[in-house]
Amino acid sequence: MLNRRDFLKSAGALATTSVFGQSSAYADASQARPTSAPGRTVVSLNKGWRFHEGDIAFPVIRGHGWTYANAKAGNASGAAAPGFDDSEWNSVTLPHDFASAQVPEQSANVAQGYRKRGIGWYRTLIRLDEADHGKHIELQLDGMATLGTVWFNGTQVAHTWSGYSSVYIDLTPFATYGDALNSLVVRVDADTMQGWWYEGAGIYRNTWLVKREQVHIATDGVFAHPVFADGQWTIPLEVTLYNIRKSAQRVQVESVLVDAAGKTVASFGAPADVGVLTRQVVTGSMRVAAPELWSLEERNLYSVRTRVLQDGRLLDEVTTRCGFRTQRFDPELGFFLNDRHVKLQGVCIHQDHAGVGVAVPYGLLDYRMRRLKELGVNAIRCSHNAQDKRFYELCDELGFLVMDENRVFNPSPEHVEELSWLVRCHRNHPSIILWSVFNEEPIQGTEQGREMVRRMVAAVRALDTSRPTTAAMNTGQFEPANAAQAVDVVGFNYQYQAYDAFHQAFPTVPMTSSEDVSAYQTRGAYVTDPEKHIFASYDDDASSWGTTHRVGWKAVAERPFVAGAFVWTGFDYHGEPSPHEWPSNSSFFGIMDLCGFAKDAFWLHQAQWRKEPVLRLAPHWNWAGKEGQPITVMALHNMDEVEVFLNGRSQGRQKGDIYEMNRWQVRYAPGKLSAVGYRGGKVVKRFEVETTGAPVALKLTPDRSLMRGDGLDAQPIQVEALDAQGRHVPLAQHQIVFKAEGGDIIGLGNGDPNDTSSEKGNTRALFNGLAQVIVQTREGSAGTFRLSASAAGLKSAVLDVEVRKAQPWAYQPTSAPVQVLDGWRSSPQSPTPVDPNLRPAGTDMNSWGWITPGARAKPAGQTGYMLYATDVYPFARVRKQGGILEFAEVTGPCQVFIDGRKAGEKTTGAPAPLRVAFPAGEARARLSVLCPLTAGQPHGLSGVVRLLSF
Ligand code: GAL
């Protein structure tokens, strides 16, 4: 029974006022991360990465010794090697979209917003504490664009095949602890495309390390979605356990259902035997009497707390949120939630935003979701891929119904695993009502298409039978063999003329629009100009395959058997500037622009989707030079009647048409254009717009007046120009320069699809009166974040936002680049001192041994000498400036030689560190350590050896 308000309260929310006049709040955005609990530690791995844009070719491997070594575990070469020199790479913090920093270039791909993408390399060094030894260590990467290869300590541990799925990697068998650092390397290939829209590039979602006991609950391992059957609510439970111990383990699994007040309302317990290195699924159920239902109005959420115990000791604990609701698609009447009819007033979305590309901070995501709420949206289609995990939580909290969608249409095992992940990861969210297996596949109207879908639907049903499956089809539903035959609800992309024919032919098959409209608007523009790539906002311009907003909604609204609409799209997105190309680089389809600013389609849909009175007029009333000429005035409303006035003189009262909307031709004269809306003959709403004067000043308006000083919180700030009377000037296009103090500007936008300037930096032009700056706090900050804006000829604006000290996420310690020296060989023991220049023959795999410094020193069998040697290729910084050779621990005496010259020595026998100066200017050096041995005395390189830069 955790509703949004209580949830925010419990999460330490900051109550604020939004620019849009509505009170809003923003939680600490902590939910989407897997949270720590007794038995498990979860730390963010977003910090401490080094990044290289562009590919780094793997070396061509030659010669017997190198080829032999190359074939071995742990010996990845090139930039994947633990010892690769990344000392001069840039430091980055994730989420990171390196394409968003690209300025559009005409030679790049129009579909991807003319941003160059390419290959990127990320490297970090992780220090795992001795206390982590014996734990299960899992790396979680929540999203990389597009394909990824991951190496841990020189071993390739994953290939990822989707730019939209999480990947969970068990690092335990490869991990080292204490001072021996662990090398983690990720190569992302963003040349590969899985969409025809802007997909970003890099590790663009969060990354985590999850440290658990050896017997624990697997990731996404609790399924607790309530079902209602035979008049009774039940939570069928599935808990997946995993055991990496060396023997089977008996444990006790206990789940309790907790309401918002913290009261336990149901419980379950069962013993389980978990085999060695196997997954064990424990099933059970909890009956629940009269729970508070989750609905769009009342987002009552419960928690299922699942614990694993052994002999009374708590091994693991996971809290899973769930909601009680029923759902049904009726072939005659559409969709029902809790047996109440809900027409789906949906939008399709992509995941990017102005200024930041696909690396959208949670504060900005929260803003986007609230904008959709204001619009009157009650359903969202994740077109055409999984969104960030936080998105689904916000849908549960704010009250949206979700059509979740798989990206790659392919039933082969690798890709089916992506679909299975999607369902496993999201299936506890009460907001999800549909699983979509594809969007618009050319083979959808064939037997092959149907057979592929059958297999993918089977994969969904193996994990969740409580929601129907669908596929978003733009043709093929009438073919003798087609994909629609293999899903539960048939999705129609466009083809609104076929709704009736399909329903008549298949009256028992539920259907919904899965995508519609694809109309074009440019925010704040009222004259279509194909030369300039501008679309007017009267809803008269639509794609050849789509409809206007008005026609699209009417076709759905008047047909009860069509469950709802999913308008293409809620927001503009980078890429796909259809029907135009360069310089257009983002879409024209959005109900809102790339910044979330309303186009007139916003008021049109708000009028159609919200019950309360809505009345707006298009256009603005600044038409200097058009005096006396007719201007089309359109009322966007849900009134019985609307009357329009110019400077107090009626321009006519019209019967309201809530589908088509109403228009007047008004001869322009500066002044006040106003409208009065009637319901049942009574005035219920008024609207007015005035001719403004010239702009004189700038104004900055935050989304929230309070931010968290955790280095994570981000928000959009609206920029506009005002006239002398403080009125918004709709046509201002000034170039603005910004300055941030006490925080950072992380992106800029203005909603103009034709603007090719950078979305990074500190300057952006207003577009039709508006621009947006996305700002982020710094970790550990408190006090004031100040943004200043200035433009030639206008009074500057200064905005202060209060920043409160806030707990940052817990981060995994990482290390600056250090060169761990490896590849050590040990000479055969000799009665006389070994020449430090001696090296084994290239083919010698036997008389000289291999050693990894750090192993415990062993007593020598006989008195004599031994040489340890390796080749050192110093990192660039050491080559330039010189450095320090650091032996973390040497046992016994030794002499250190660099290229045969003595560089240092240790004379004592007890284990101790040793530091030796390393000269600049060496591209390759032979490092040798000569150890005199005394029978029975321990000796050797008992600690790691590193080369540090100054
Ligand atoms: C659809 C497609 C969308 C988008 C849209 C533009 O066919 O599913 O991804 O491309 O067209 O109208």
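Any Cβ shown, glycine's included, is placed from N, Cα and C.
TrEMBL annotations: computationally assigned, not manually curated.
Residues or ranges marked as domain 'Beta-mannosidase-like galactose-binding' in TrEMBL: 121-192.
Annotation comment: TrEMBL describes 216-325 as domain 'Glycoside hydrolase family 2 immunoglobulin-like beta-sandwich'. Averaged across the domain 'Glycoside hydrolase family 2 immunoglobulin-like beta-sandwich' (216-325), pLDDT in this predicted model comes to 97.
For 335-408 (among others), the entry in TrEMBL reads domain 'Glycoside hydrolase family 2 catalytic'.
Residues or ranges marked as domain 'Glycoside hydrolase family 2 catalytic' in TrEMBL: 414-568 (among others).
Under the heading domain 'DUF4982', TrEMBL lists 628-684.
The domain 'Glycoside hydrolase family 2' feature in TrEMBL is assigned to 698-798.
As a summary of secondary structure, the domain 'Beta-mannosidase-like galactose-binding' (121-192) carries 6 helix, 38 strand, 28 coil according to DSSP. Among 121-192, 216-325, 335-408, 414-568, 628-684, 335-408 has the largest number of CB pairs under 8 A with the domain 'Glycoside hydrolase family 2' (698-798). Taking every recorded stretch in 216-325, 414-568, 628-684 and counting its Cβ pairs under 8 Å to the domain 'Glycoside hydrolase family 2 catalytic' (335-408), the highest total belongs to 414-568. In the domain 'DUF4982' (628-684), the DSSP tally of helix, strand and coil residues is 0 helix, 38 strand, 19 coil.
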